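Per TrEMBL, these features apply:
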ACT_SITE  B:C86  active site, nucleophile
ACT_SITE  B:H196  active site
ACT_SITE  B:E198  active site
Amino acid sequence: MIKARITVTLKNGVLDPQGKAIEHALSGMGFDGVGQVRQGKVFDVELVESDKAKAEADLKAMCDKLLANTVIENYSVAIT
Amino acid sequence: MKSAVVLLPGLNRDRDMIAALTKISGTPPVTVWQTDTEIPDVDLIAIPGGFSFGDYLRCGAIAARMPVMRAVAEKAAKGVMVIGVCNGFQILVEAGLLPGALMRNTSLKFVCRQVKLQIANANTMFTRRYQPGQIIRSPVAHHDGNYFADAETLRRLEGEGQVVFRYAEGTNPNGSINDIAGIINGQGNVLGLMPHPENLIEAAHGGSDGRALFESALGIAA
């Protein structure tokens with residue numbers, strides 16, 4: 001079995017109101033020196049597949065077709 | 001003119017859409033379920049608002065991958081009119097039938113109120129009963145209506161008259177780029193908008209500003 005972690009983040013230049021709100025909250029809590037905060041998503045996926053190359057190709061297809069909206073988001077796949 | 005309404009788990013404006021289409025066209029629309037792979041011969045397919053699949057992952061993302069949406073895409077390619085309202089707009093964008101994306105409102109708040117809309121293009125199948133530049137009222141109710149598209153897509157939308165509805169000055173409820181409230185595809189038969197015209201079609205609603213949209217699409221004299 002292969003385990004993978006997919007990270008989805010907003011592309012540069014895409015406004016992230018949630019990240020901004022978190023950024024302001026952190027400053028308000030007294031965490032000085034917080035720069036920009038961007039919020040993203042993490043998916044931990046288990047695959048029955050044992051072939052790493054095939055798994056990676058499948059995971060990328062999953063990102064392109066569902067897990068990420070590539071209009072606004074980037075993704076990275078890490079097999080753990 | 002015959003119409004169909006797409007039903008998905010979690011939608012909650014389907015009855016409003018069915019009521020509006022029935023009242024305006026005189027004939028109840030047929031309904032199609034998420035697992036249906038074929039849609040009967042109709043002139044207009046409507047995807048109502050709500051929270052399909054609980055807005056999990058991204059608004060409209062899971063609904064857009066259901067079998068019925070492949071059937072909608074096939075019909076759209078053949079020129080059948082498709083309208084997506086609110087969650088329906090989010091589904092059309094996620095399905096790739098309209099460009100761009102709908103993101104969280106900049107206020108981070110769910111907005112439920114009436115806004116003013118400007119008819120940015122009155123030369124479409126959906127807006128021909130309005131005057132160019134006309135200001136109409138419409139309810140909005142959404143958490144993720146903040147329209148975004150990359151610069152090139154935006155240039156194309158603006159250049160080709162694909163921006164159909166714009167929030168009138170000072171009423172943009174969600175931070176949408178260029179005050180965009182609704183867009184149409186290049187072929188001119190797929191419309192998506194965040195406001196709810198189906199909720200303003202008769203006196204009991206407090207106005208009928210949304211009625212002309214359905215009269216335009218259904219080819220009914222005002």
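Heads up, residue numbers simply count up from 1 along the chain you see.
Glycine too: its Cβ is placed from the backbone N, Cα and C atoms.
It is B:H196, among the active-site residues B:C86, B:H196, B:E198, whose Cβ has the fewest other Cβ atoms within 10 Å in the structure shown. Here the C-alpha separation of B:C86 (active site, nucleophile) and B:H196 (active site) works out to 7 Å. Secondary structure at B:C86 (active site, nucleophile), as computed by DSSP, is coil.
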